[in-house]
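K.L.:
Dumping the structure here so I can ask a few things about it.
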Amino acid sequence: MGSNSSLAAVLLPVLVLGFVSAAYAGNFHQDVDVTWGDGRAKILKGGELLTLSLDRVSGSGFQSKNEYMFGKIDMQLKLVPGNSAGTVAAYFLSSQGPAHDEIDFEFLGNLSGDPYILQTNVFTQGGGGREQQIYLWFDPTADFHTYSILWNPQRIIFSVDGTPIREYKNLESIGVPYPKKQPMRLYSSLWNADDWATRGGRVKIDWSQAPFTASYRNFRADACVWSAGSSSCTAKHSVPASTSNSSSAWLNRELDTSSQERLKLVQKNYMVYNYCTDTKRFIHGLPAECTTNVS
């Protein structure tokens, strides 16, 4: 990774302070449904491991059995190794319908030796276009790492191994829509995106390297489960009925001073694209949330 790996050597001792080891272990047989791929998605080791594969014929994917209305979602992923150019592993929350809400992690494949790009995005009422992209400070194909989405009524926090990489605040007060009215399910897929994923689509998938495989473990949802038009939470903005106060702290979570500093480190040293600075794209002015310096 060249200079990127040198930078990681400086920042890693700081960023690793946010690492949260996964002492929990979900069971994929109980937690998710494989939705497509004709056998390319596999649940292994009694439900402890899930793998998605992509070949020339098809990719694959799964979704959570439950829908959620706010929550903290954790998953450990190990991404496609080697030459993964043109592939995308997507891990996201989404509602249904044309005016859907969505909270995205997308891992954009790379040529061997180049760093993966992690793209995040937020859709509200069918509108997206809020992409940020960063390089990771480690090799995400060498081992499992924890990728987390914290979604509560005030903010969305994207984290990697406990280190926040992005905060998207509820700014309805200035007319910016925020996803808070539609329950969302967790989805993940591995698919062919070589029309855009790597260097703007200039680098295509090398099918001689197929099948491409990404691995998942330790899915956890501390969340308000939505069922039959109501939430498992005891009241609006209150704790889930099945959890303790300590485990439901995500409902009112905000970044403390240490977390804010780590977020600034990541965005200063690893960000490669931020829609809030793309004046060529937004020729008539940046989105309203960008002018507040909190997106």
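Glycine too: its Cβ is placed from the backbone N, Cα and C atoms.
The signal peptide annotation in TrEMBL covers 1-22. The domain 'GH16' annotation in TrEMBL covers 22-216. Residues or ranges marked as active site, nucleophile by TrEMBL: GLU102, GLU106. Look at TrEMBL and you will find GLU106 tagged as active site, proton donor. What TrEMBL lists as N-linked glycosylation site is ASN110.
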K.L.:
Taking the Cβ of the residue listed as 'N-linked glycosylation site' as the reference point, list residues of the same chain whose Cβ is under 8 angstroms away and which are at least six residues distant in sequence.
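P.N.:
Listed in sequence order, they are ASN83, SER84, ALA85, TYR116, ILE117, THR198.
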K.L.:
Would you count the other CB atoms within 10 A of the CB of the residue listed as 'active site, proton donor', including those on all shown protein chains?
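P.N.:
Excluding its own Cβ, the number within 10 Å is 19.
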K.L.:
Tell me, what is the mean pLDDT of the domain 'GH16' (22-216)?
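P.N.:
Here the predicted model's pLDDT, averaged over the domain 'GH16' (22-216), is 94.
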